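Colleague: My questions all concern the structure below.
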Amino acid sequence: MTYSSTLQVQAYREGDWRCSIILRGALAIIERDVKKMSRYKFFLIMRILSFIIQISVFGIVASSIVSFMNFYKFYLLGVYTSILFAMSTFTGYDVIEEAEDGLFDYYLSLPISRREFIIGKTISSGLTSLTYSIPMLIIVLALIGISNPLNVLVALFSALLFALGVSGLIISIAMIIKSADISDIIFGVISTLLIRLSTVYYPLAVMPDYYKILAEVNPITHLSEFLRFLFLGANYSLPPEGSLIALIGLAAGSTSIAIIVVEKAIEGGSWR
């Protein structure tokens, strides 16, 4: 083996070693956060009850007065997307609560890099959000009826991408603001605007033109439309290929942004 080949092998091994170290640190964060899931039983129960009331009262009433084919099924998948968005916001917001409780500074003292921390935190937030939303998804699929189990796996994958993306963005915003009170207000405004300016409750075709532009770039719209394509077999607003690419870009982009934001936010060795 030549000297250059030896260097290449060594470089590959070092790269593999670094990747394994990053994965180990990220997995430690994920494992810790997953163990905390049982702490939010009351939150999950209230979300499920709220979801059941929404689809059994408002959904049925709305579908009886809206002359739109399969509106109830259209509505069910939209509401599920909005619930997943709310849960992703909730789990992503957990990072600022940990920071105010002093856990963030504790993490900095551990042999875990900032990149490992944020990758682990984003993945754990996405997994937790998806897990919390599964009871609602089961209800939706039971009401809609599924003919292809493979579509369920694809739906879970797309929902995970969405949850990862939203969690990453929420973590970035929280680390920039560094205030729980201000973050609550901003997240409330963002949630209201994104859900209303999407196809959660109504298709793109009935929106005013000035709404459509915003709705077409809204990640909530992309997940809603992709799920409708999978389970209703219809393309209501956006091509499914474009929506899937958008969700992949959201997950990768928001995680990268979160890494950069956290690196800058704690340059001095403390999140403050």
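Using the three backbone atoms N, Cα and C, a Cβ is placed for every residue, glycine included.
Okay, so TrEMBL annotates it like this:
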- 38-265: domain 'ABC transmembrane type-2' (DOMAIN)
- 42-68: transmembrane segment (TRANSMEM)
- 74-96: transmembrane segment (TRANSMEM)
- 117-146: transmembrane segment (TRANSMEM)
- 152-177: transmembrane segment (TRANSMEM)
- 184-204: transmembrane segment (TRANSMEM)
- 244-262: transmembrane segment (TRANSMEM)
Colleague: Counting only residues 6+ away from its ends, which parts of the chain sit with a Cβ under 8 Å from the transmembrane segment (184-204)?
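Modeller: 68, 74-75, 78-79, 81-82, 85-86, 89, 93, 170, 173, 177, 211-212, 214-216, 218-221, 224-225, 236-238.
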Colleague: Using a Cβ cut-off of under 8 Å, list the residues of the same chain at least 6 residues beyond the transmembrane segment (74-96) that approach it.
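Modeller: Those are 33, 43, 47, 51, 54-55, 59, 62-63, 68, 104, 121-122, 124-126, 128-130, 132-133, 136-137, 140, 143-144, 159, 162-163, 166-171, 174-175, 177-180, 183, 187, 191, 194-195, 198-201, 203, 220, 223-224, 227-228, 231-232, 236, in sequence order.
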Colleague: Below 8 angstroms Cβ to Cβ, which residues of this chain, lying six or more residues outside the transmembrane segment (42-68), approach it?
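Modeller: 74-76, 79, 83, 86-87, 90, 132, 135-136, 139-140, 143, 203.
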